Amino acid sequence: MGDETIKVAILGSGNIGTDLMYKLLDCPASMELVLLAGIDPNSEGLARARALGVAASAQGIDAVLEHPDIQIVFDATSAKAHVRHAKLLRETGRTAIDLTPAARGPYVVPPVNLRQHLDAPNVNLITCGGQATIPLVYAVSRVTPVRYAEIVSTVASRSAGPGTRQNIDEFTFTTAHGLEVIGGAQQGKAIIILNPAEPPILMRNTVYALPEDDFDPAQVRDSIEAMVAEVQQYVPGYRLKNPPVFDMRDTPWGRKSAVTVLLEVEGAGHFLPTYAGNLDIMTASARRVGDVFARHLLSRREVAV
């Protein structure tokens, strides 16, 4: 593909890294995937990469560092590993897109604040619940100040691996913080539920926002619908279950009108099953961020020429 693309690599050959590989091969013309690196030589992800003609290595970060032309690295390993990776990638001048809870860079939600961080050396994608719900809280807060936002993400138990289960506390804290610093809520709260139902359910989210003052429901509804359309550009399975609901509630801050939104996310089925919308929205968001970063790097290259 030559000078018209940015060379990228994926760190982590598990479910997330493998699904992201399929997404990168399936879409943006701005990126060229040149390496999938893991640490398990027998992993299915590395075998699939080789079968698809993508260079694969079990040497982890060392394999990435051996390629001086790789400019963007997607890290789908673990928070502990990313702490080390972030330092090495920064020192070698590469942009890191972090899919772990490490948060060594600013939180990014593509339709909300991505453009503010185009030159950041490291960005973090928060959590699956954050990627699904923060856009909707922001859609409310850009119309009227939000005093409190609460989200409940329910995901299929089968889609939650050991990493998710070990990091439940981190999920709730990080997502709640994202509701505040990106979503615009004065106070945020997040809850995750692992549903063991068979057959597995799609990812479902309930978003509850309590505006500070009186507001125009039509403006809030229009803002939410516009935001859903934006997210659907890169997550086609992202959809409202019902129109937003507006009703009066007794709250710690007095009787106020509240906004409730019910949302589900169906995965694209590239590698992960379609019920794993919670994982799919992370890889889809990563692809979106990578595409925008790559186009930004290409535009700077053109200016330099």
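Residue 1 is the first one shown; counting continues down the chain.
Glycine too: its Cβ is placed from the backbone N, Cα and C atoms.
DSSP gives SER13 (NAD(+) binding site) a coil state; it is part of no helix or strand. The annotation NAD(+) binding site is assigned in Swiss-Prot to SER13, GLY14, ASN15, ILE16, SER159, ALA160, GLY161, PRO162, GLY163, THR164, ARG165, GLN166, ASN167, ASN278 on the grounds of sequence analysis.
Counting only residues at least six positions away in the same chain, the Cβ atoms of SER153, VAL155, MET203, ASN278, LEU279, ILE281, MET282 sit under 8 Å from the Cβ of CYS128 (active site, acyl-thioester intermediate). Taken from Swiss-Prot, the feature active site, acyl-thioester intermediate covers CYS128, and the record attributes it to sequence analysis.
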What same-chain residues, at least 6 away in sequence, bring their CB to under 8 Å of the CB of GLY161 (NAD(+) binding site)?
-> GLY14, ASN15
Fewest other Cβ atoms within 10 Å: which of the binding-site residues SER13, ARG165 wins that one? Let me know.
-> ARG165
Among the binding-site residues ASN15, SER159, ASN167, which residue has the largest number of other Cβ atoms within 10 Å of its own Cβ?
-> SER159
Would you mind checking how many other C-beta atoms are within 10 angstroms of the C-beta on GLY163 (NAD(+) binding site)?
-> 15
